[in-house]
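One structure is given below, encoded as structure tokens.
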Amino acid sequence: MTRLTHLDSTGAARMVDVSDKPSTTREALAEGQVVMAPETLALIQSGNAKKGDVLGVARIAGIMASKRTHELIPLCHPLMLSKVEVEVTPDEALPGLHVVARVKTAGQTGVEMEALTAVSVACLTIYDMAKAADRGMRIENIRLLEKSGGRSGDWRAA
């Protein structure tokens, strides 16, 4: 079984020492969904939600959150991110919104948590901005889709 890197030999939590790792290009892609009533999706798409531009604010919230991941998740390294993209796309088949975040850096540790944080906070922002219209919305399927770079190489979800 693979050892948990954030625990020392006694089981105490520790921040992983990455100082000897080479700096490489690292990228991660994550996704999530906010499922809602068709009427709520139509309201958001029309731009008439009470709190304003739900899609635009969710994108900005995701980007901002990605940059603060180390303040939210214990033992995460603060990273200099070189790229954060958050896309929020209406999906009438859900019905709801599909959120995708791509994060990139050149550094000594990966950006998976930053991509997942971007998606999570974008989804929470959507919920917050539309809850007056639909408290039954569901945030679902937040997951890492792929990562590249670093010692462990590339990985893609099945």
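Think of each number as a place in line: the chain as shown, counted from 1.
Cβ atoms here come from the backbone N, Cα and C positions, even for glycine.
Taken straight from Swiss-Prot:
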type: ACT_SITE; residues: D128; note: active site
type: BINDING; residues: L75, C76, H77, M113, E114; note: substrate binding site
Other C-beta atoms that fall within 10 angstroms of the C-beta of M113 (substrate binding site): 22
Surrounding CB atoms that lie within 10 Å of the CB of H77 (substrate binding site), all protein chains: 14
Cβ packing number for L75 (substrate binding site), 10 Å threshold: 13
Set of same-chain residues at least 6 away whose C-beta sits under 8 angstroms from E114 (substrate binding site): A28, S66, K67, T69, L79, L81, V84, V103
Chain-internal residues, separated by at least six, CB under 8 A from C76 (substrate binding site): T69, H70, M113
Between D128 (active site) and L75 (substrate binding site): CA-CA distance (Å): 28
H77 (substrate binding site) and D128 (active site), distance between Cα atoms, whole Å: 28
Secondary structure at H77 (substrate binding site), reduced by DSSP to three states: coil
